[in-house]
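Report on the following structure.
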Amino acid sequence: MFGKNAKVDLELNRDVEQLIKTGGKEKLLPIVQAGEPVLRQRTVAYNGQLSKRTLAKLIDTMHTTMLEAPGVGLAATQIGLGLALAVVEDHVRDDEDDPREIAEFPFHVIINPSYKPTSDKTASFYEGCLSFDGYQAVRKRWLDITAEWDDEDGKHHSEPLHGWPARIFQHETDHLSGELYIDRAEIRSLTTNENLEDYWCEDPVPTEAAEELGFAL
């Protein structure tokens, strides 16, 4: 459980309830875009500031918003809320032939997440962000990490993640520190989603894009 002395922040709880209501019956919240100050602010650690009921509603609304976008992760900052929590989920078939090492990543609520690399191996692939809508860029990330987080019940988790699930976890955790993926991306690789589909999707390894657009892998 979260801290024994944790108390619900009544003002914050009311604000979050109002935020949830803006999603309507569809439970769809607007996703804030790059340039909004909240995306650049370090979040406050979650320690029970919301009632269990409000937290459950927030998680449900974030999950619905993420899936509808569609995306595989959504941080609280992306809906304008400066708390250290995010939701992640990617239902894909494991593909041993895909160099991105894509694998099933079941739904998780990750609260106060952190990660550490467990090897010096990195991988560079295109990735995108719901708060930098319409574009993707090549970002180098750790291939293997130890991921740590609390779930919605306050239980602590520590698990190894590899490949694409590790990339998703790093992306969402970085959001909660005020970082966007584009901050450390290969800027010359930046492309619209349409151009990515037209030019660079045939091979997930962006070797040709690096040669044509002039960036290093």
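Every residue, even glycine, has its Cβ placed from backbone N, Cα and C.
Annotated in Swiss-Prot:
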BINDING   C129, H171, H175  Fe cation binding site
ACT_SITE  E172  active site
Enumerate the residues of the same chain, C129, H171, H175 excluded, that satisfy the criterion Cβ within 8 A of the mean position of the Cβ atoms of the recorded Fe cation site; list them in sequence order.
G73, A75, Q78, L130, S131, E172, D174, E179, L180, Y181
Among the binding-site residues listed here, H171, H175, whose Cβ has the fewest other Cβ atoms inside 10 Å?
H171
List the residues of the same chain that sit at least 6 positions away from E172 (active site) in sequence and have their Cβ under 8 Å from its Cβ, in sequence order, or write 'none'.
G73, L74, A75, A86, V88, I110, P113
Give the sequence-ordered list of residues that share a chain with C129 (Fe cation binding site), lie 6 or more positions from it, and have CB atoms under 8 Å from its CB.
H171, L180, Y181, I182
